[in-house]
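Here is the structure we will look at.
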Amino acid sequence: MHDPPKFPISSSSMSSCTASFCSTDMEEERYASKKRVTSDAQHDLRTDHTSVEKQSEEMENFGGFYPAARPPFTLAQLKDAIPKHCFHKNTGVSLLFFFKDVCMVAFLMSLASLLDTYTPLHYPLYWLLQGMLLFSTFLIGHDWRISHINHHQNHGHADKDEAWHPITEKLYRSMSHRQKLFRYSPLALLSFPIYLWTRTPGKTGSHFHPNSPLFKRIERKDVMISTACWVAMLLILLALCWLFGATWIVKLYLLPYLVSVAWLGGVTYLQHHGYKHKIPWYRGKEWSYIRGGLSTVDRDLGAVNGLMHSIGTHVVHHLFPQIPHYHLVEATKAIEPILGNYYREPEKSGALPLHLLRTLVTSLQEDHYVDDEGNVVFYKSGKS
């Protein structure tokens, strides 16, 4: 989610404990260039008579504002509105956040283990808190570094996006009842480990195989290191099971890990879906970097947002991923006046973002597929 010391791996979050830091800021290097920004700006400002008529027609169907209309501003204009210091990265600050998370994880694990000698009643609270913290450490490491870069390079593209991309109607109609039940229910929140092995419906490859279509030839070494780290972590867990028993590992690690996976699935899904918002997806000439970035959604996570490194402020993160997490809130406020209706104001949260459960369930029930063809598409329901 931000600029931190990155782990040189691309797969499971289990391996983050054993990976070393990588100083190369690959995310920024691979999808940000002046030439691309200029090209996006020119593309998004081009409007012909036909598209104006089309947008006018669509506006009537979307309550007066067509969310797929070409924005009247450029990426450069948005960047100019953001204070320059928001783009400044401080390695010391990033390391401080990292070590804070690691210390909190270690403290909670030690406390839970200590209290276990008195009563096991504290474990549900421990699983919830520790799961949130494990998700937080995952955000710093970006253990899926390479595939996450692909996501940023193709955000909002109906066919090329990597994370929670829409399913086409043809693929939806071919899915079995069991597949639909898993994909369109809260069970989908636990799908991250499956995604690492087999990716999502309609895509092939694995995060663990160096020859996967996900990776380029020059990335194969990183993938092999990633898989080796994952195997090493698995061996460590097996050794701990032998020393302390499987129950100890399940209580202290496995269940918090599943909670972190659920947080990952829920948060990332809601950042790119929203039945209420009518999120546009693009193909072909209609897709551009800025339009794809504007199809993301901010979510108010309440007090949890700070714990999770401001992950709720997702729009500005996609437009300018080089901004470190501790400046995302300020950067978002700076561009809101320019974004206007293109910014979907998040529903206010209490201390805990319980309101998002309703949003999540509604979207899973209604957002099923997009048309097989068309350069601007929206989710449709498969209930009919």
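Glycine residues also receive a Cβ, built from the backbone N, Cα and C atoms like all the rest.
Note that the coordinates shown come from a computational prediction; the quantities given were computed from them, not determined experimentally.
Features of the protein shown, as given by TrEMBL:
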type     : residues : note
REGION   : 33-53    : region 'Disordered'
DOMAIN   : 38-107   : domain 'Fatty acid desaturase N-terminal'
TRANSMEM : 93-115   : transmembrane segment
TRANSMEM : 121-141  : transmembrane segment
DOMAIN   : 127-343  : domain 'Fatty acid desaturase'
TRANSMEM : 181-198  : transmembrane segment
TRANSMEM : 223-245  : transmembrane segment
TRANSMEM : 252-270  : transmembrane segment
Positions whose Cβ lies under 8 angstroms from the transmembrane segment (252-270), at least six residues beyond its ends: 13-14, 109, 112-113, 123, 126-128, 130-135, 138, 163-164, 188-193, 237, 297, 299, 301, 308, 311, 356, 359-360, 363
Overall pLDDT of the domain 'Fatty acid desaturase N-terminal' (38-107), taken as the mean: 77
